[in-house]
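Visitor: Before I ask anything, let me first share the structure, which is written out below as structure tokens.
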Amino acid sequence: ERPQTGRLALYLLGLRATCPPKSPHRSLVTWLKYHLEEDWTGSRRHGHPLSSFYQYGLGVLALCVHHKQVREEVIRRLLAAQRHGRLGHGSGAVDTEAVVALAFTCLEQRRLVGTTLAGELREAAHGASRSMAKAQGPDGVIGNIYSTPWALQVLLATGACRTEPAFGQAVAALLDNLDTFGTAATMAQALPVLHGRSYLDISSLPCLEEPGRSQGQPGWGWPHHHGGGWASPGLRWLLPDTLTPEDMEPPSEVPGNKTVQLQVECPLPWCDELRLYDRAVPVPAAASLLDVLQAAAALEPHDFRFDTQDTAQGPFLTHVLGLEARQEKRNYWQLLKAPDTPLQMGIADYRPQDGETLILRLSEW
């Protein structure tokens, strides 16, 4: 079984953010250290962890936030991958590079490493923040809308937010797309940024009382951001100074129907034929991409099949037409709007327009 490095790391980060009355049980940290070693040992000949560099970086970050020492060999594995450009390519790599940069910054700022290594980590983290600024699109998004909060956390943690114009542009893009963050996991990445904070601040979180809480219960307690006024009152339902959301009306039903052209592509070396499926699929006007896939499977149960895996970010596409995207093969099902525009949402969130052509393409990362 693949090590659950990322899941345990997120649990430990979340546990620390809840201001627990006492430190988490020592066995949780011990298990995370064990997963980090297993993650790498089982994949030493491949040059990357069994899970991913993203999960591996999360593990190092979680240990640092809990003020735990990390072996220098473990840190240098990540440092070597970052220096040699092995953290991935494209918009998805922004998430990984950001998590790794946050881990480096945490280790350096918390003085959990020696002077020489601290200097190397600081240089690597600042290099990552510069590359993220260069990767910013004309719309202000860095990578994709989901990776933008990660990039903003790096700019905040390294202090580049004070001098880098990309920071303000990315914040504006984030505010313009807040309705995109519809799951607890994606909200958790955006919330600290909206408050001018990063995950590094969890380790020094002052646990003040939340209005309306009973005596002794911890609250968020983060001070308001004083730098630019973009945490406006209209966003208070999203900010961590209150746990009571504003009333939100459910989305209204859209009458009528639409037709979406669904295509499946599998390039060499995985398939001999590029276009494996091409069919117009009629669906209700409010249908998501997931609804389109389900309608295609109902129309042609023998010709179109797909499977998903439930994740914190929603359903993740794993199999299409019997072809599996696998971590160890370094491939995934890329979602595209024809001819070549990557979707910024998952299959359950994206709602195609009438007449739109969507492509599921088996791609390498």
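Backbone N, Cα and C define each Cβ position, glycine as well.
Since this is a predicted model, take the numbers as computed values, not measurements.
As listed in TrEMBL for this protein:
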| type | residues | note |
| --- | --- | --- |
| BINDING | SER51, SER52, PHE53, TYR54, GLN55, ASP95, ASN144, GLN189, TRP333, GLN334, LEU335, LEU343, TRP365 | cyanocob(III)alamin binding site |
| DISULFID | CYS64-CYS106 | disulfide bond |
| DOMAIN | 287-363 | domain 'Transcobalamin-like C-terminal' |
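Distances, neighbours, how buried they are, the whole picture for these features please.
Guide: Counted within 10 Å of its Cβ, the other Cβ atoms near CYS64 (disulfide bond) come to 26, all protein chains included.
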Visitor: Take the C-alpha atoms of PHE53 (cyanocob(III)alamin binding site) and CYS64 (disulfide bond) and report the distance between them in angstrom, rounded.
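Guide: Cα-Cα, rounded: 16 Å.
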Visitor: Fill in the CA-CA distance, LEU335 (cyanocob(III)alamin binding site) to CYS106 (disulfide bond), as an integer in Å.
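Guide: Their Cα atoms are separated by 34 Å.
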Visitor: Of the binding-site residues SER51, GLN55, ASN144, TRP333, which one sits closest to CYS106 (disulfide bond) when you measure Cα to Cα?
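Guide: So, spelling it out, the nearest of the binding-site residues is GLN55.
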